[in-house]
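Per Swiss-Prot, these features apply:
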type     : residues                              : note
ACT_SITE : LYS80                                 : active site, schiff-base intermediate with D-ribose 5-phosphate
BINDING  : ASP23, GLY152, GLY213, GLY234, SER235 : D-ribose 5-phosphate binding site
BINDING  : ARG164                                : D-glyceraldehyde 3-phosphate binding site
Amino acid sequence: MTQNRAELNRNLAQMLKGGVIMDVTTPEQAKIAQDAGACAVMALERIPADIRAAGGVSRMSDPAMIKGIQEAVSIPVMAKVRIGHIAEARILQAIEIDYIDESEVLSPADDVYHIDKNQFDVPFVCGAKNLGEALRRIAEGAAMIRTKGEPGTGDVIQAVRHMRTMNKQIRELVGLRDDEVYEAAKQLAVPYDLAKYVHDNGRLPVVNFAAGGVATPADAALMMELGAEGVFVGSGIFKSGDPAKRAAAIVKATANWQDADLLAKLSENLGEAMVGINEDEIQTIMAARGE
């Protein structure tokens, strides 16, 4: 990937800012997401809640199923590959997917190395729990970062924790003297030029979305309040009582997160939310993958 291509990919991801990306498993769901105002959809065979419930090994989705979703909608389509699985990423690039998510939701293929995303033309999305993880993924070529949260739970606490941690570490880096950034880069285990960028600009060099446990318009507004530049919603929509209404409400809440009166209206009569799993009831399985 040339420097120009890397810049283009980052700018492509910037265009999703302020939007909602929804997990979908069928062309029908993709159309519901598009009609609700989603800025992109994530095509996968099983949503995270079902992956968590079923256990076993979770892999890249069938390309035929992904193509069906690509044909059904005009908005960008993303798909997930296992951490470190270069061949799955090549397959998705071959079918002209718009973005690849190297995702901890699927079973990791490599417990040491992530994909060298600089070898690909397609932009990559990666998860991160803290600033060090985010900058390492960006060094590998990621064009977009999202919090890991704990997918499939409907419990937003981990996404909140990861976003707060990342932004706290950014503020700490900004407050350093120029000559202290070298040591900070060493402690974070990241390239100096990326640490210096954060120090100078007070933000990541790529967009940073919230993901993991977002299930209500209020959850989406909370993540925007905490500094997210957009939101991924996985199980929270199509595991709920009225997916179309909830999807549209979350899109509007993300765009108007400071308008409490509108948020109150959007939260009314949405049908039953996904049941969810409290963080204390589970082992953290997915968020810890791929550091």
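Here the Cβ of each residue, glycine as well, is placed from N, Cα and C on the backbone.
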Three-class DSSP secondary structure - SER235 (D-ribose 5-phosphate binding site): helix
Reduced DSSP assignment, ASP23 (D-ribose 5-phosphate binding site): strand
Residues ASP23, GLY152, GLY213, GLY234, SER235 binding D-ribose 5-phosphate per the record - widest CA separation, whole Å: 12
Position of peak Cβ density within 10 Å, selected from the recorded positions LYS80, ARG164: LYS80
Neighbour tally for GLY152 (D-ribose 5-phosphate binding site), based on other Cβ positions within 10 Å of its Cβ: 28
Around the Cβ of ASP23 (D-ribose 5-phosphate binding site), the count of other Cβ atoms that are within 10 Å: 28
For LYS80 (active site, schiff-base intermediate with D-ribose 5-phosphate): DSSP state (helix, strand, coil): strand
Distance, ARG164 (D-glyceraldehyde 3-phosphate binding site) to GLY213 (D-ribose 5-phosphate binding site) (CA atoms, angstrom): 15
Per DSSP, three-state class assigned to GLY213 (D-ribose 5-phosphate binding site): coil
